[in-house]
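Below is one structure, written out as structure tokens; comments come after it.
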Amino acid sequence: GRDSCVNKSRCAKYGYYSQCEVCCKKAGHKGGTCDFFKCKCKV
């Protein structure tokens, strides 16, 4: 689900969240965004 990478990808307060994005893409999602410092994958 959207939480595939929530515990595996750090989310900084500012900047581009590349670790989240990469983790989500590897998990088969379109990408990822950070919400309250947690990585959420786009379906």
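In case you wondered, yes, glycine gets a Cβ from its N, Cα and C as well.
Note that the coordinates shown come from a computational prediction; the quantities given were computed from them, not determined experimentally.
DSSP assigns Cys23 (disulfide bond) to a helix in the three-state reduction. Here Swiss-Prot flags Cys5-Cys23 (among others) as disulfide bond.
The annotation disulfide bond is assigned in Swiss-Prot to Cys11-Cys34 (among others) on the grounds of similarity to another entry. In the structure as shown, the Cβ atom of Cys34 (disulfide bond) sits within 10 Å of 19 other Cβ atoms.
Remark: Cys20 (disulfide bond) has Cys5, Ser9, Arg10, Cys11, Gly32, Thr33, Cys34, Cys39 as non-local neighbours, by Cβ distance under 8 Å and separation of at least 6 in sequence. Annotated disulfide bond per Swiss-Prot: Cys20-Cys39 (among others), in sequence order.
Under the heading disulfide bond, Swiss-Prot lists Cys24-Cys41 (among others), citing similarity to another entry as support. Taking all protein chains in view, 25 other C-beta atoms sit within 10 angstroms of the C-beta of Cys24 (disulfide bond).
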